[in-house]
Amino acid sequence: MLRVEESTKGKARRMWKFLSTGMKQNVDKIRNFDVKSAVLTHGLQHLRNFPCNDPVRHMTYGKGAAGFISLHREGRVVMYHPDGRLRDPPPSSVSVPYMGLTSTQLPGRLVGWGPGASLMLLDSELRPLAAALDPLDVQVCQVTEQSLELVTAGAGNVCVWCLTHMVCRVRVTEGLGRHSIFTQLALAPPGHERPHRAFVVYGRAVVVVDLTAGRVLEHKRNLHLRDITALVYSFHLDFVVTASKDVSIRVWGPDWGLCMAFVGHTGLVTSLACCPESGLLLSASLDGTLRCWSMEGGDQVQCVPIEGGEPPLALGGPMKGGSFFTFSQQGVDFWTISNLYNLHCKLGGDLGGPVRQIVVLSCPPPYPTRVLCVSGHSNVTLVAAETGAVLTSFDAGQRVRCADYCLPKEILLVLTEGGTLIRASTMTNPATCVDEWKGRGQGPWQREEQTDGEGDQCIARPGPASCMVLYSNIADRQRALEEWKNLQEQRGQRPTNKKPLHDAKNRFLVMLGHNGGCVSVLILDTGKVQYRTPAHNGQKITSMQADPENSYLLTAGEDKAVLVWRVFPYAQECLSLHLNLFCGHPPLYLALLGPLLALAFQDPDSATYSLVHFSLLNQSRTDHPPSEDHLDCITGLCVCRQLRVFASSSKDGTVRIWDEENRLLRTLQLSAEPECLAYSGERGDLLLGIRGDLYRIRCAHLLPHDFQLRLLCTEMSDPIPDLPISHTPTRTSKTKTVVSPPYREKQPNGKQDMTKDPEYEALLARNRDLASLQEGTTERRKTKPPTMLKTRKEAFDHYMRIIYSQPLNIKIGDEDIFDLHAVLFPPKLPDRRPFTPPTFRKGFFPNPNLAKPLPPITKPAQDEELEPAPAQSNPVGFIPNSVLVGQLWPDVVVENTIPKQPFKLRDELDYEEESDTEEVQLLVYESDYELDIGSPIQLVKTPPKEESPPPPEKPAYVMRPPKAVPPTKIPKPPIPPPPRTPTPPRTPTPEIPGFLKQFVEEDWFKDIYPDQRRIRQSLCPEEFSMQMLDYMQSCGVQQKMRILSALLTLRRQGELGNTDKLRKGLMGSLRNNTSSDMSDEEQRVVSEILNVLVCLGPESHEIIVELLTLLAHKELGLQKTVMCLLQVMGVEDADPWLAMEMDPWDSMVQDQPDSWKSLGEMAAEWLDSWTSKYKGQNRSMFLKNAGKKNLFTPVDVLNYFCSVKRDMFLKAQTVPPEGRKDTVLRLPESFRSEPIQRLGETYSMSRIRKPPGVILPPLPNRPVLMGFTPFLTLPLPRVSLFPFPFPVDQHCLKASPRRYFILERSYVHYYR
């Protein structure tokens, strides 16, 4: 056989064909394997298992071991790579004689320890390098993360070793006890004002040791009912977690307060570990399970059973995104923690309510991508898609059904459950409500609207709106962008009422679906109904989807049909039915990708939860196998246009991703139930609502490689920064609206996000305020309150307190003192000569020839100690004439002078007074007390003589103790004064607020503020009242009574403005202090709390409900107190009628677990029912005052109830006896009308006028007035006569009043 030689070119062709064919086959195999459906799990995932016959004694990990090392019972060592794969064993096959191995931070260095006092430094081949000097017993060993140190603990000791030389740096034995054997060890790195600490366990106690100072900080005993078996410290939350033989896990705070307890294991918990990245707590137990616990949420996240059934004895590892290990008696298992989703934005959590809708606004650059979230009852939040920062929020005040957002116009649309459409501006934070459109599109059908293709027919009313979607048709993108940029310049400012300009090219239409099967089209700027049409055979429309790119609008209704509409935004009749699809079940969710429509159906009765694709071009349907369906109710459906995939979520805890052919690509198994979902941005990120918060999945790398290449080939723009809007103060409300900042999450790597740092935000706010001041755009946030009668009265009282220091005590008598006759005919004055004052030719002094010389003044001896004179108030430089007369002419009696008492004068310059002076008095005239004028001279009083005459009955001068006068000394030769040492300046004591000065001496005030210097100047009465309320929770009965009295004082003084928080706190305190076995003192406290509540809110609905609840709760015994309070509040006849009404309530709730709550619900329902009856009785009044508020109070409702019950009782009493028709019945008192008192019969002209004794007190001082007010408005009420007992109304039909008069009721004083 001849062999033909192959040419070089043919050989190349053959080889190329072989290579291309093989490459194509390999690519097809990889593609088929990649496209194959896969399940990805969030949380714990098992990697591999290594069985062994020799049980594992200890395992370690770290740099020193270059991975993992397991030490078996027979001394054998097995090494593993960091990903869990087996590694070659060390060359030396000698068994290791240690109880445990610990990897260090040094590469190739390990530490072998135990049993007993044994500690050795080893190399990577486990050969000894250095032995520890004088070690103690070692039971546990751990390496510090921030230093080259080693911490060991054993029987009665805790030691810190230096790794380089194996020298003990710190040895702690004092305070530990010799018999305390420590079995668990956890290290806490040094932090802010906290040293490097170690937590060691023995029995049921934990000992905290300061490793820096080498001393025991504290002992925490009896933390569990049984011995502690595991211990771990969480640096992320500063928590200490312990596990015990009682199968419970307890989390302790920094102050050792119990934060939470995890219960779920059925066997002993053997080990604990914390994952700092995810914030999860891992636990291993003898029940054969690994469990993940959320220390932030306080619940179990995941439970994974161990394959093979052998329970894990310990777990450990780096816990920083890598692998970790568990070992048992039969082998070693390696695990990893996969984080499919991470927290993107904190909305409200479990307390705020679930996330019910996520809308992603994806506009082309330079528009940013934003996410609209509807969570809880009425919260709508606008979030930046890239950063997760909260831009603005809006509280609708009522339950929200759905919402949408127009980014080019910065308009938020919110549809409530009542069918009201709210239009708000997102230029402020919180968003500002601009319009509320009620009943749009709900009016009756016009005649021209009641026709369809089949002819005329009667159509039901549309009813309220049930769903809503925004249709944006942007033809002129440049104009829309310029308008949006102009809006960004006004960011943070309130929207004006300026009418928007008409845009002929860009149209924004609001599509509404109604309960009565109607589709309405509204204009976004005006809210005017442009067009509406009937749909879905008059049945409710459940969902709507807009596709402006293809001019489609899709609606789904309860008639099991999907309608496809063509939209013509520039026409009046802008909707035209294009396609009608009938389904076997009502469609739940819609998603449109070009001509491909995805529909989600579910039927819980048949356990059907499927996803169907329908092509609008060829009207073909694509299904998938039933085994790929969800297992529970579907919660969301969305589409990613960049990746051309669909995603659905379900309550079974999965998110399933489908391609265009309805094939299942990936199943994402979550550890929680997704509430809703939506794709965001160009990178294909998936946003989920989980437990009331917004989470994000980077699902692009989870998809097959073809989809990842599709993203790589797509041109993407850089992320556009979208900063949050600063808080905008309200204008209309009197009180400042405070919006709590969004939740700030700590970064997992320990770095702080500067955009969420409170100090950084404060600096930004200060810079914005300074810029507004420089530009002159600052507005006054708080306007001057309007003048009211109460404020005018307070101003007048304050003015009178300035003039008069003591309070006024003005009493007005019952009778008038005005004498009209004396005013009209005043008496004539008698004719008297003018008064001429007498003249004194000789002057004031008597004859100078009769004057006697002054007695000599004796000076004290030099060795005699001088008594210091009192302090002097006024300078002494003259002697009164009366004193001089008394000294020079002692025998002459001068009128109107001081009483005859001998005095001794003293010279201020030459000598000082005698040392035996007993009392120093001042010479003061009586009028000086009124003028507060100090005395001009001081007199030294000597013992009176026997012949001294008695003082006159009413002297013009009186004696009073003077103020202190400095002593005068004999002048000495001048001595140069010594240099004075300057006194240090005194530190000024900060002034406390004025309303606190009245409580400074109270014991409870000193407990709240031990150091008054720490009281802030900006402390407001409302904040102080909340501090008192917090202190009242832990004080005694007497202190509670005084605090409640102080609250009443602040309320009566008008210091407390907004008392909503105080009332809520007091109501909570009322429930905490109320019980069925209260003592007398506790009952007084409860009564005082009720008194304060009534004083704070006498017209509050909640307080009335609380009083009715206490009235119905018989076991508490507070019926008399409640009756007294109701009587004070103005409720008449409450004792018989309310008590009879509430009497059977207590027996109705005996079987309820919380009788108080049940009685409260009954009281609220009862009060609401009688309120509606009261409104129906006074319907004309409410119709006339439709726009006004506070037309009535709950007290009026109670009075109405009592009057109804009283009338029913009186009517029952007026029933005539049977068989007697000649009986005259006496009318009840309530049916009698009072007689009209005419003015002519009231003896009003014969009043006796008596002086009421109105006398203003004298002025104790003379204040300096810089000016005087032009007028004073005195708080005098206007008196107008009202002679009729009821208003005259043409529709009022009442019995005519009596026409007789009673004499004793005809006097004026009868009505006073």
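Any Cβ shown, glycine's included, is placed from N, Cα and C.
Across the repeat 'WD' (221-252), DSSP assigns 0 helix, 18 strand, 14 coil. Under the heading repeat 'WD', TrEMBL lists 221-252 (among others).
Sequence-distant contacts of the repeat 'WD' (262-303), counting only residues of its own chain at least 6 positions beyond either end whose CB sits under 8 Å from a CB of the stretch, comprise 43-44, 229-237, 239, 241, 243-245, 247-251, 309-317, 319-321, 324, 326, 335, 337, 339, 350, 671-672, 691, 748. What TrEMBL records for 262-303 (among others) is repeat 'WD'.
Taken from TrEMBL, the feature region 'Disordered' applies to 436-457 (among others).
With a cut-off of 8 Å between Cβ atoms, the residues of this chain six or more beyond the repeat 'WD' (534-567) that come close are 445, 449, 452, 459-460, 466-474, 509, 511, 513-519, 574-592, 594-595, 597, 599, 616. Taken from TrEMBL, the feature repeat 'WD' covers 534-567 (among others).
Annotated repeat 'WD' per TrEMBL: 627-659 (among others), in sequence order. Long-range contacts of the repeat 'WD' (627-659) within the same chain, counting only residues at least 6 positions beyond its ends with a Cβ under 8 Å from a Cβ of the stretch, are 37, 358, 588-593, 598, 600, 602, 604, 608-611, 665-679, 682-684, 686, 688, 697, 699-700, 702-703, 707, 710-711, 714.
Feature annotation from TrEMBL assigns region 'Disordered' to 723-756 (among others).
The compositional bias 'Polar residues' feature in TrEMBL is assigned to 727-738.
The annotation compositional bias 'Basic and acidic residues' is assigned in TrEMBL to 743-756.
TrEMBL lists 768-788 (among others) with the feature region 'Disordered'.
Annotated region 'Disordered' per TrEMBL: 936-991 (among others), in sequence order.
The compositional bias 'Pro residues' annotation in TrEMBL covers 963-991.
Mapped onto DSSP classes, the repeat 'WD' (262-303) shows 0 helix, 26 strand, 16 coil.
Shown for the repeat 'WD' (534-567): DSSP residue counts in helix, strand and coil, namely 3 helix, 21 strand, 10 coil. For the repeat 'WD' (534-567), the model gives a mean pLDDT of 92. Sorting the repeat 'WD' (627-659) by DSSP state (H, G, I as helix; E, B as strand; all else coil) yields 2 helix, 18 strand, 13 coil.
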